[in-house]
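**Q** Starting off with a structure, shown below.
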């Protein structure tokens, strides 16, 4: 009775997929809402749901459609515990998806293209800047590669103008900044810091 999210930008965002007897399948979006998505996010230790998507927002899945008209109250431990219709009239264009609060995605803004500029992170429902107090070549390289922008050229500094602040510290070249040590909205590591920026050697496709 495994559960996973597919087609998203992190393990905490994507199309909802369930496993039954070794076969992976999807969930129909009829009646899909935030309480249903909350159960998925909690089951994956991804916090709570910030969005519940329908209409195959993360692409169409494959295999059987295991659940339809899911009716979670939001407190269930497992999506299988929620009431649902046994028969369905759905196709994969109605696959359900979620975005959980622990999902992180990144963008570079104010530069010549999407591979240069101020680092901004979407986390817990808001866009935030990143403190440059621990923004070194390692962290900048991880982000350039995650964005498909090659490697780091420079690390310019910018002003903080967004509500939140994130700090990253990568001990090694991780596949994404979310797998490094991170701290959100704690003032001490950000004290007197500038907002991190990066210029990568690639260009946005």
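Heads up, residue numbers simply count up from 1 along the chain you see.
Backbone N, Cα and C atoms are what each Cβ position is placed from, and that goes for glycine too.
Got these off TrEMBL a minute ago, pasting:
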- 72-82: disulfide bond (DISULFID)
- 170-180: disulfide bond (DISULFID)
- 3-101: domain 'SRCR' (DOMAIN)
- 106-201: domain 'SRCR' (DOMAIN)
**Q** I'm trying to understand the geometry here, so how far is the Cα atom of residue 170 (disulfide bond) from the Cα atom of residue 72 (disulfide bond), in Å to the nearest whole number?
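**A** Here the two Cα atoms lie 38 Å apart.
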**Q** When neighbour density is defined as the number of other C-beta atoms within 10 angstroms of a residue's C-beta, which of the disulfide-bonded residues 72, 82, 180 has the lowest density?
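**A** Ranked by other Cβ atoms within 10 Å, the disulfide-bonded residues 72, 82, 180 bottom out at 82.
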**Q** Just to be sure I understand the packing, how many Cβ atoms besides its own are within 10 Å of the Cβ of residue 170 (disulfide bond)?
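**A** Residue 170 (disulfide bond): 21 neighbouring Cβ atoms within 10 Å.
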**Q** How long is the line from the C-alpha of residue 82 (disulfide bond) to the C-alpha of residue 180 (disulfide bond), rounded to the nearest angstrom?
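**A** A Cα-Cα distance of 34 Å.
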**Q** Within the domain 'SRCR' (3-101), how many residues are helix, strand or coil going by DSSP?
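**A** Residue counts for the domain 'SRCR' (3-101) by secondary structure: 16 helix, 34 strand, 49 coil.
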**Q** What does DSSP give as the helix, strand and coil breakdown of the domain 'SRCR' (106-201)?
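**A** For that range the per-state counts are 20 helix, 40 strand, 36 coil.
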